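**Q** Annotations for this protein, taken from TrEMBL, read as follows:
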| type | residues | note |
| --- | --- | --- |
| REGION | 1-26 | region 'Disordered' |
| COMPBIAS | 1-11 | compositional bias 'Basic and acidic residues' |
| COMPBIAS | 12-26 | compositional bias 'Acidic residues' |
| DOMAIN | 27-89 | domain 'Ubiquinol-cytochrome C reductase hinge' |
| DISULFID | C36-C79 | disulfide bond |
| DISULFID | C51-C65 | disulfide bond |
Amino acid sequence: MAIDDVVVHNDDPEEEEEEEEEEDLVDPFDGMKEACGTGHCSGLGEKLNTCNDRVNSRSSTEETCSEELFDYLHCIDHCLTKSLFTKLK
């Protein structure tokens, strides 16, 4: 008997059920984050994208778009705090 002839089955039915349950869970944070990004904070998102495009188009620059990123993330966080915690269990 060679090593290639041995087949090991390590499939535990309980693990498969747990994986299926985990796949069914949906994080409400993701959907709410998208809603805030497209609604309330869309202007800041556009500024961030414009800055990223400008920085990426140059071969060498000292600009980092950190101010635009912080403004956008602050807006998203502010928008989420109004309703995120009511959806948590």
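Each position is counted from 1, following the chain as shown.
Keep in mind that glycine also has a Cβ here, set from the backbone N, Cα and C atoms.
For each feature listed, report its degree of burial, its nearest neighbours and the pertinent distances within the displayed model.
**A** In the three-state DSSP reading, C79 (disulfide bond) counts as helix. Its Cβ placed at the centre, C79 (disulfide bond) has 18 other Cβ atoms within 10 Å.
In the three-state DSSP reading, C51 (disulfide bond) counts as helix. Neighbours of C51 (disulfide bond), defined as other CB atoms within 10 A of its CB across all chains, total 18.
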**Q** In sequence order, which residues at least six apart in the same chain have a CB under 8 Å from the CB of C65 (disulfide bond)?
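**A** Correct list: L48, C51, N52, V55.
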